[in-house]
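Sequence annotations record features per position, and here TrEMBL assigns active site, proton acceptor to 62. Marked as Ca(2+) 1 binding site by TrEMBL: 63, 66, 68, 70, 72, 86. Annotation comment: TrEMBL describes 158 as substrate binding site. The heme b binding site annotation in TrEMBL covers 190. Taken from TrEMBL, the feature Ca(2+) 2 binding site applies to 255, 264, 269. Annotation source TrEMBL lists domain 'Plant heme peroxidase family profile' at 33-340. Residues annotated as signal peptide in TrEMBL: 1-26. Per TrEMBL, the feature site 'Transition state stabilizer' maps to 58.
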């Protein structure tokens with residue numbers, strides 16, 4: 001490791017302080033006032049409700065994947081779409097964290113767009129959830145869109161039942177241009193969060209069911225019987241069996257230590273890859289990564305090298321958070337739930 005000489009040290013310290021103010025007892029803090037306010041509110045929200053963290057990371061993907069990072073996923077109503085916004089999309093079931101964004105917007109006002117707030121909040125949530133192992137810097141300057149369509153969201157967001165070719169095509173679309181490697185990298189976010197029964201019911205049996213560990217399948221069926229959907233119920237389970245109850249883990253024959261993952265619940269880490277390679281993942285779109293030789297190789301690579309996945313996930317999130325807004329008449333909203341035309 002190269003050493004710093006005494007003359008260079010003050011300059012390095014000054015540069016570090018300029019870009020990132022450092023760490024405090026409460027967590028990371030920033031010299032940029034907007035980002036520092038975002039960080040403080042995310043920390044408070046996650047301390048009060050830990051499920052907010054995974055929700056914020058998910059929101060970044062669901063916003064930026066549809067017409068770029070324009071905060072359109074936050075809208076309740078628009079002049080052109082009415083109330084049939086992205087929040088109503090089938091593929092956006094269970095989105096959460098909107099109240100955190102509202103709170104931050106009240107703190108920063110016109111100093112930041114809602115799109116910027118969301119990108120910063122998702123970054124900080126990933127940092128906290130990973131215990132500081134996943135951190136990346138992103139600039140501000142995003143603008144907020146004035147269009148938000150449920151149909152557009154369902155047409156663009158990948159479905160949990162996609163096969164590999166569909167996933168590859170979706171990620172490689174011209175507006176996004178993400179590689180198979182980045183598909184595998186971003187899928188690792190399924191180490192956190194929860195999923196609705198409707199998103200994995202196809203994995204619980206039937207002629208078209210994709211391979212799944214039998215103990216895990218039985219545990220899923222016991223915890224969330226498919227017939228509940230016919231009764232108007234759509235319960236959730238953790239994406240990661242590591243985060244499930246002890247009773248569920250026993251039914252699923254899942255021992256984190258035996259699998260080789262940390263037993264600490266709610267951590268954003270490479271446990272997804274360990275789980276996938278033993279067929280204990282919820283979605284068909286997870287399992288099908290094993291059907292492509294390159295993607296399967298990356299699953300094994302990230303299972304074996306947590307630090308590499310941390311780094312690659314951070315890079316993929318930078319790329320995701322940088323997808324440009326595609327709409328016209330962009331603005332900085334007064335209220336993240338409404339366009340400025342409706343706000344007044």
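Glycine is no exception: its Cβ is also placed from the backbone N, Cα and C atoms.
The binding-site residues 70, 269 differ in how many other CB atoms lie within 10 Å of their CB, and the one with the most is 70. Per-site Cβ counts within 10 Å over the binding-site residues 72, 264 peak at 72. Listed in sequence order, 72, 73, 86, 152, 153, 156, 157 are the same-chain residues six or more apart from residue 66 (Ca(2+) 1 binding site) with CB atoms under 8 A from its CB.
Most Cβ neighbours within 10 Å, among the binding-site residues 68, 158: 68 holds that distinction in the structure as shown. Packing around the residue listed as 'active site, proton acceptor' is summarised by its Cβ count: 20 other Cβ atoms lie within 10 angstroms of its Cβ, all protein chains included. Each of the binding-site residues 86, 255 was scored by other CB atoms within 10 A of its CB, and the lowest score goes to 255. Long-range Cβ neighbours of residue 63 (Ca(2+) 1 binding site) (same chain, at least 6 residues apart, Cβ-Cβ under 8 Å): 69, 70, 71, 72, 73, 74, 115, 118. A C-beta separation below 8 Å, combined with a sequence spacing of at least six in one chain, links residue 190 (heme b binding site) to 239, 240, 272, 281, 282, 283, 286.
The Cβ of residue 58 (site 'Transition state stabilizer') lies under 8 Å from the Cβ of 95, 97, 189, 193, each of these being in the same chain and 6 or more residues away along the sequence. It is 15 Å from the Cα atom of residue 68 (Ca(2+) 1 binding site) to that of residue 158 (substrate binding site).
Counting only the Cα atoms, the space from residue 255 (Ca(2+) 2 binding site) to residue 158 (substrate binding site) is about 30 angstrom.
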